[in-house]
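Feature annotation from Swiss-Prot assigns anthranilate 1 binding site to Gly79, Asn110. Sequence annotations record features per position, and here Swiss-Prot assigns 5-phospho-alpha-D-ribose 1-diphosphate binding site to Gly79, 82-83, Thr87, 89-92, 107-115, Ser119. If you look up Swiss-Prot, you'll see Ser91, Glu224 marked as Mg(2+) 1 binding site. What Swiss-Prot records for Arg165 is anthranilate 2 binding site, and it gives sequence analysis as the kind of evidence. Per Swiss-Prot, Mg(2+) 2 binding site is recorded for Asp223, Glu224, and the stated evidence type is sequence analysis. Among the features that Swiss-Prot reports, region 'Disordered' is placed at 342-366. Residues annotated as compositional bias 'Polar residues' in Swiss-Prot: 345-359.
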Amino acid sequence: MQRYIQRLEEGHDLSPEEAEDAVGKILSTAQDEEIGRFLLALRAKGEKPEEIAGFVRGMKKAGKTIRPKTSFRLVDTCGTGGDGLNTINISTAAAIVTAAAGVPVAKHGNRAATSMSGSSDVLDALGIKTDLEPEAVRQTIEEIGIGFMFAPVFHPAMKRVAGVRKKLGVRTVFNILGPLTNPAGTKGQVIGVFDKKLCEPIAYALAELGTEHALVVHGDGMDEITNTGETYVAELKDGKVSTYTLTPEALGMLRANPEDIKGGTPKENARDLLCIFKGQKGPKRDIVVMNAAAALYVGGIVGSIRQAIPIAEDAIDSGKVMVKFNQFKTFTSEFYRQKNKESLSGKSMSMRSRTSILSPASGERV
């Protein structure tokens, strides 16, 4: 670690292999002081796409992965968070709309970091179980076309850096790695970032990682495609990165005010999402539709985001989204019940085992 820290403090870039090795050490043997110095030195130098790709490979190597079999390109809708705008859970709602429209989704997420409601928080409030084991998530994706991968389950080693990150009190490379480390190996991604300057580096990092089609977006201060102003997009397609801006009008949508898409607590956001799923129109539905359309585009079923807008709208208005939501809720609840049943059965077996090795006559162990 000391060699890597010195290189960074001198302003030198790490090779992808060095970055991968460094994050492996951070997640296993590095001391807190070394981790802190490394993260601050990297932050001061600035992360290069090749370094980001190396960090992602290292994190995936240290974590748990799944490989669901799907008929269409598997996609994820995930943001870095950290925009501080406290909107409704746009990418989470968009994931369910996307799956209802026929493109399989492996949603990667966590609890709230800076907002009141993270993806896991709102799904829990909706009655969808989020902390399933990897095999259960794989089956969920294959059976109903959507699954949720709770970051602490798939990346348990991240606990090692939680204290250091909190103590540093500044954004580090780990603030951008979450959306890039999808455990299902998604080849299509819509990634929202909290800073416009991150769009291109992350798109180039995704190219290094073999992603087929991705949109890295920053819209009017938020880590989403927005209907409140312009969205800056870095698009990775066919191995090339291009940049452009989107407006709601260009997608045939109405422009909204930031207040129109504000969120609240997980329960409040859950109510908003259910209203959208049931067909209620308005700015909150519009922004979900726009982001779902982007996911359908990277999923490969249409040639542009605009072409996907009516597909996303029809998924809601036809009732397909509510059907998919109910499937998601039922399927994850069943896995959760099985998990608890097996856990209770294991405890019962353990108690019987302890009882069986006692002498019936004396109560002494034999």
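Each Cβ is built from the backbone N, Cα and C atoms, and glycine gets one as well.
Feature map: Swiss-Prot annotations on the structure.
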residue : record                                              : contacts (Cβ under 8 Å, 6+ apart)
Gly79   : anthranilate 1 binding site                         : Ser91, Pro179, Ile191, Gly192, Val193, Phe194, Asp223, Glu224
Thr87   : 5-phospho-alpha-D-ribose 1-diphosphate binding site : Ser115, Met222, Glu224, Ile261, Lys262, Gly263, Ile287
His108  : 5-phospho-alpha-D-ribose 1-diphosphate binding site : Asp76, Cys78, Met149, Ala151, Phe154, Gly178, Pro179, Thr181, Asn182, Pro183, Ala184
Asn110  : anthranilate 1 binding site                         : Gly118, Ser119, Ser120, Phe150, Ala151, Pro152, Gly178
Arg111  : 5-phospho-alpha-D-ribose 1-diphosphate binding site : Gly118, Ser120, Asp121
Arg165  : anthranilate 2 binding site                         : Leu39, Thr172, Phe174
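Highest Cβ count within 10 Å among the binding-site residues Asp223, Glu224: Glu224. Classification of His108 (5-phospho-alpha-D-ribose 1-diphosphate binding site) by DSSP places it within a strand.
Other Cβ atoms within 10 Å of the Cβ of Ser91 (5-phospho-alpha-D-ribose 1-diphosphate binding site) number 28 in total over all chains. In the three-state DSSP scheme, Arg165 (anthranilate 2 binding site) falls into the helix class. Under the DSSP three-state reduction, Gly79 (anthranilate 1 binding site) is assigned to strand.
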